[in-house]
Amino acid sequence: MSSGFLKSTCRKGSLLSAEAHAIQPQAKDASQLHDRRAGMEMEEDGQAEGGHYVSLADEEGGGESRHEEEKEKKKEHETRGGNLTALALVRFVAAIHIVCFHTGIQAAPDSVHWVRFCKYGPTWVTFFFILSGFVQVYSRMTGPRKTANKPPNVFWFCAQRLATVVPAYLVSLLAHEFLKSRVEKDYPSRFVSGPQVWQHWWNMLCQVLMVKTWWPPLTLFKSLELPGDPQDLNYPAHFISSLFLFWILFPGLYWIVLRLEGWVVGVALCGCYWYQFLVKFHLMGLMSRLQVDNFGYMPLCFVNQYFLGMLIAKIFVEARQQKQSQTEGREPMLAERRERGGVDFNRRGAQCFSWGRFLSYADFVPVLLFTLLCLFVKEETALSGTLCDYGLLPVWSLMIV
């Protein structure tokens, strides 16, 4: 009985083991089939959502690469300059003052105080020349790295700026011609008959091409026109005429600015002031009063102011970039020292805030100086040359920076 029981037990065990061996591949195939179906469903869902499933290692690598890309973009954004919004109000006030000068001085006698204030309008011409050089170099040096270290193409550089200036400029010329023909009935006939027909047409061409002040004897520019002479169609446009030449010279001047380093920049700044003295007291001192009025609007009389703005922009941008690089290099060290308690950040922060608050008021210094100039200095003395030429260069430079 015992032997029969053992035989039956062994027979059942062998049958169970055989069944287990037979079931195991089927279970394995079923699990693989289940995993395959789940993978197909996930793939279909991923394709429906427009995405692709990647492995965990790929996701970690992609996250690190995206983090590095975001870090590089953030660093490039910090090194690039933003819009100079702080100068918008100053530019608006300067433009209003210049318009009041050209229109207000004839609206009332000189005894009226606000008319006396309007006579200081020409002092802003220096400000706009310095500002033009500053803004163009600032936008260039803080732009993309591949273009910041080389001069621009002169054709495209001028075309981009003329596209914003020429429409308004031509409208002003057409408005002048229309009003002039309504006031002076014989004005249109000057372009048809008379001994100075060619001069009137040549004057018109020089105005349209914005070269009116480049060389007064050739372009017929006259500050005080005599009766019958061709008149300037847009006299205040002498600024645009000079600026157009500076746009043409900008690639060469920018090439020079990029190669000035160290103490040479300081020498160039001093040279801008010396050039003002050279033009005012040597070149203009050899001319008569009428010639001074004509040649005083040439671009060569303002190129030092434009170049001064370019130098200031170079100093401003490089100082900011150096400060950012030093800050990035000191961040790990400062973080470690802060953890160890070696730096009193509260005390340092309070000191920096106090100095920053004090320096923020430095922007009001040029405004205060200009206000005192208008209130307590006679316009004949202020606009005579010496005070205006040498006093306004540092004042406007400080305001822009």
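Using the three backbone atoms N, Cα and C, a Cβ is placed for every residue, glycine included.
Noted in TrEMBL for the protein shown:
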- 21-80: region 'Disordered' (REGION)
- 31-40: compositional bias 'Basic and acidic residues' (COMPBIAS)
- 63-80: compositional bias 'Basic and acidic residues' (COMPBIAS)
- 84-105: transmembrane segment (TRANSMEM)
- 86-323: domain 'Acyltransferase 3' (DOMAIN)
- 117-139: transmembrane segment (TRANSMEM)
- 154-176: transmembrane segment (TRANSMEM)
- 235-256: transmembrane segment (TRANSMEM)
- 263-283: transmembrane segment (TRANSMEM)
- 295-317: transmembrane segment (TRANSMEM)
- 358-378: transmembrane segment (TRANSMEM)
Range from 117-139, 235-256, 263-283 with the greatest count of C-beta pairs under 8 A to the transmembrane segment (154-176): 235-256
Outside the transmembrane segment (235-256), six or more residues from its ends: residues with CB under 8 Å to it: 98, 102, 125, 128-129, 132-133, 136-137, 140, 151-154, 157-158, 161-162, 165, 169, 172, 207, 210-214, 221, 297-299, 302-303, 306-307, 310
Averaged pLDDT, computed only over the residues in the domain 'Acyltransferase 3' (86-323): 81
